[in-house]
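So that you can see what the record holds, here are the features copied from TrEMBL:
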| type | residues | note |
| --- | --- | --- |
| DOMAIN | 7-64 | domain 'RNA polymerase III subunit RPC82-related helix-turn-helix' |
| REGION | 145-168 | region 'Disordered' |
| DOMAIN | 178-519 | domain 'RNA polymerase III Rpc82 C -terminal' |
| REGION | 195-216 | region 'Disordered' |
| COMPBIAS | 195-211 | compositional bias 'Basic and acidic residues' |
| REGION | 239-266 | region 'Disordered' |
| REGION | 346-369 | region 'Disordered' |
| REGION | 410-432 | region 'Disordered' |
| COMPBIAS | 422-432 | compositional bias 'Acidic residues' |
| DOMAIN | 524-599 | domain 'DNA-directed RNA polymerase III subunit RPC3 winged-helix' |
Amino acid sequence: MSQHATELCILLVDDTYGALTSCVFQTLRSYGRLPFRILLQHTDLSPNELKHSLAVLIQQHLVLWYTPLGDETTYYEAHWPSAYALARSGKLVKIVEDRFGDLAGDLLSNLLLLGHARVGDLAKAYNAVQSDGMLGSVSEGQALSEDGLPNGLGNNHTSAGTKKRGPNLEDLHSVLDALLRTGFIIPVHESHFRSAADNRSEAERELKRNNDSFQGALKGEKKMEFEQAIDGKLDQWRDGLDMQTKDTSGRGRKRRLEDDRNGVDRKRMRMSNGLANGMNGHAGHPHALDDFYLDDNLVLRVNHDKFAVAARSARLIELSERYISKATSRVYAQLLSRLEGNLLRCNNRRPSEDDDEDDPTSWPTSIPANELSPVFQEDVDLAGAIGRVAPNKVDRNRFIHPKKRRKKTLFDSNDAGVENVDSTDEDEDMGDIVENGNISEVNEDRDLVNGDADYGSEVKVEKEDHFPIYSDVRSRVELIRQHLLLLAEHPLGFAEYIKRTPTKPEQWTINFRSLARQLRQMELENTIATRFGPGATRLVRIFLEKGKLDEKAITSIGLINQKLMRSILTAMHEAGYLELQEIPRDNARQPSRTMFLWYFDPDRCRQKLLEETYKAMARCLQRARVEKEAVQLTIDKANRTDVVGKEDEYLGVDERMALSTWREKEERLLGEVGRLDDLVAVLRDF
């Protein structure tokens, strides 16, 4: 971990939990893994202070601990990913509120505050009571969640002598169940408090103890089987998966709810990605998701990896709306929502695995287009952003994955495959489609920007022999397919088309790893263009395509003035974005007999930009602290209980002006930290 990342994590811990805990965290980051006795010497704290600090840090998963077998010494080490996640707390709550409602956001904020908590303790803290009738409506559950916590947790506080009625118990358990099903929260396992190396040692010891076939020296296939068993055990500990069924739906349920008033068991609602039928994955309140309570002894924590998946989906939806249309982005959002259910993190591949990112077997499960149709409402105009083209002028093999492409086929309107025709005819057919993917020969929509349709007007299409009217052939499924084809045809490859077989219909999936690689490249190019100009981006693309080049080759390929080219190369080399390799032509190693090759290393450039981003985030937090210290006396006065709500009466004009200026500066600085965190997510997490 770099110096700037360590500095950023220490600042986040200090701002959130105070100087005492940040002192312990900083010591562990500086000296590494330490036992209690050595840690006590380095921190100069009393034993009680150190124990209390370690208790807080362990509760928040900021410090990992491990006691080796046969050794009474416990070792502690700092866990920097949990410390960095403190910068994303507000984003995590916002994502959950948008998808599951206010009660889910309030539950998640308290789990972030507590680190982990039992289901029974959360129910008591919310003063949840079992309802007399069936589950209340969505609005009732959300209104009750605004009453706050009687024990002071959350944003709203109750008075010392009163207890407000919280959400009913069914709502609380259904929300927790929905978050558990979708992977935003996970059951706590003892492995979550150990480092990766300690977990691997424990997994090896447990497998050898319980399986006689893994005893002794292992070679060949037996060793590979042992490594796979270790990876499976680590996945089971990490995600709480049932290794027999790979299912998480049964975790933590213990007793059935029955309606004694009618003597009929409540029917289990059909689930789709953790939500009931008719509810999309980005809005609404998960209501009556199951007919089981969660076990009161089940301990839950936040799964930060799942939020990286949600952030990646949001970024892809934004790009699809920018490059294609708003209607297409809504179709893409539903496709992403369906595929998200199978992903608990952005990259499920372990570092030891060396599979091809273009291998479809490593992608998420594919789905047919007709499964996306029921989630769209009638008021969603899918036809407004689609131009019409003759079926014989579309070659779907252009956006089928190359490994799956065996013979070039043209599809007719009934999706029947026709053997490859002469290449010149195919080129002539595709000539009517312009280079940027837009389809010609379609009348341009009036007063429409980026595909946003006018819902009050009728979409008109010129009726020819190969251009039927929308009402004749465009069912909802067909419209969704057309939007998916636009996504697949885009140069970024938002989606991938899998041809139908005699046993399966056509399928759609997403190559997330390819998209993540392209997103990282886009961020690198945007940064380079901003700092060094558009000519630098042109040089980077040349290096990516051609590899290592000397100045003569760069000048001839890029058609750039040599003086301008040298200034750009020198500036980028000094900043660390370009590398220079010297290759002597003989043993004399004279400069005149040496070749100087320039090249661009994307991984090294990404790490460089990542470190600069960490540094910028740390400087923003430090600046916010300095601005706060300048008006600390005024802030303390404004936070007094007798002043809150009466600022105009007790604070002077200058004090109110100072508070307003400070709040504006802090908002700008924290907003910049959030934008920099978006860049970190693309470069590191996606």
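Each residue, glycine too, has its Cβ placed from N, Cα and C.
For the domain 'DNA-directed RNA polymerase III subunit RPC3 winged-helix' (524-599), residue counts in helix, strand and coil come to 47 helix, 13 strand, 16 coil, using DSSP. Remote same-chain residues near the region 'Disordered' (195-216) are listed as 64, 66, 69, 77, 79, 222, 226, 229-230, 233-234, 237 (criterion: CB distance under 8 Å, separation of at least six residues from the stretch ends). Mean pLDDT, taken over the domain 'RNA polymerase III Rpc82 C -terminal' (178-519), works out to 66 on the 0 to 100 scale.
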